[in-house]
Each structure stands twice: as structure tokens, then as C-alpha cells.
Amino acid sequence: MLESVKANFTESIQTMIASLEELPEPIALATQMMVNALINGNKILSCGNGGSAAHAQSFASQMLNRYERERPSLPAIALSTDTSTMTSIANDYSYDEVFSKQVRALGQTGDILLAISPNGASRSVISAMEAALSRDMTIVALTGLDGGEMAGLLGPNDVEIRVPSSRAVRIHEVHLLVIHNLCEGVDDCLFPETSQE
């Protein structure tokens, strides 16, 4: 048991170190894209399934409420929170459309879709990306493995933050850290703290 726990910590640390080597640039780019969108009066929609839905909701709540400092609310919507909408879409159409129909209704040109899937193959998230592209939105994709089908949908104005791991649990761990970096970066750019001297 103890060896298993230690092995999990070791693997997690190794994945974080590998991510440190590969992810700062796409994270910084995604942060700047979000800042620009918010300055221009746009919003950020976020989606994912399972643990990724929790990450999408965490991101939106930290935009709407706050991350670590007091500041005005920022416009963000997690598409996985309205169970009535999601279940009616899944029942009447298909689960694949639970996010895409919301993107078509809520998304506007200049908005950002934060699309989260550890393997880049979640059909409902891919459909949301396709809907976002049809609405002339920009996409920030949080993926892992080889990026899956999601990576193939991205254009030159989009950004992929791909965790260098093949294990979903490790990818989820890094995705949460990425989301915290995005939130902190947005706050730093829009609401810089002034030093008290």
C-alpha cells in the first residue's frame, strides 16, 4: 500500500515536471487570449465531462466569483451545470449535443470556449468545438495523450494545452493546475496588485 502511494506521488511529480517544460508558453498564450476577449466585452464558455466538468465549473466559478484577490466578476459560463438543459438535450437529441446546442445559443464572435478532455476524444466536447468554430469563437483546448480529434480541429488562432501523459488521472491533476494558472494570469493582467511601500 505504501509503495503504491509513493509511486503515485512520484508519477504525479514527474508529470508536473514534464509539464513545466512544455506548457508555460501555451498557458501564457491562452491567458492573453482570455484577457483580450474579456477586455473586448466577450465571455468564456467552458465544458467537459466527469472530472473535466468539475474543472470547467471550477474555472467558471473562479471567474464569476474570484480567484485569490478581490476583483469584479468576470463573464464565464460552465455548460455542465444546468441539468435540466443537459438532460433534455440528451433525451431529445443526443448526449453528443449537450454542449454544442448551448454554444450555438450563447456563443458570440470573439468569445472563448475552454474545451477540456484528457484524451481529446470526448464526442460532446468535440461537437462543442465544432459549434464554437461555426460561431467564430476562439478555442482553448486542455488535452493529453496525443490531443485526439480535438487537436485536429484547432486553427492558427486557437491554442492547445496538451499534458505530456497517457494517464487520465495525471492529466486531470495538471489540468487543475493549468486552470489555476489561467485564473491567476487573468487576474494579474486585468487587476494587477500595487505594492504597498
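Cβ coordinates are placed from backbone N, Cα and C, and glycine is handled just like the others.
Note that the structure is predicted; figures quoted are calculated from it, not measured.
There are 9 other Cβ atoms within 10 Å of the Cβ belonging to D92 (substrate binding site). Among the features that Swiss-Prot reports, substrate binding site is placed at N49, G50, G51, Q62, N91, D92, S122, H172.
Residues annotated as Zn(2+) binding site in Swiss-Prot: Q62, H172, H180. Cβ neighbours within 10 Å of H172 (substrate binding site), excluding its own Cβ and spanning all shown chains: 21.
Residues or ranges marked as domain 'SIS' by Swiss-Prot on the basis of sequence analysis: 34-192. In the predicted model, the domain 'SIS' (34-192) shows an average pLDDT of 98.
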For Q62 (substrate binding site), the number of other Cβ atoms found within 10 Å of its own Cβ: 20
CB within-chain contacts under 8 A for G51 (substrate binding site), separation at least 6: P118, A168, H172
Farthest-apart CA atoms of N49, G50, G51, Q62, N91, D92, S122, H172, residues recorded for substrate, distance in Å: 32
Sparsest-packed among the binding-site residues, when each Cβ's other Cβ atoms within 10 Å are tallied, from N49, N91, S122: N91
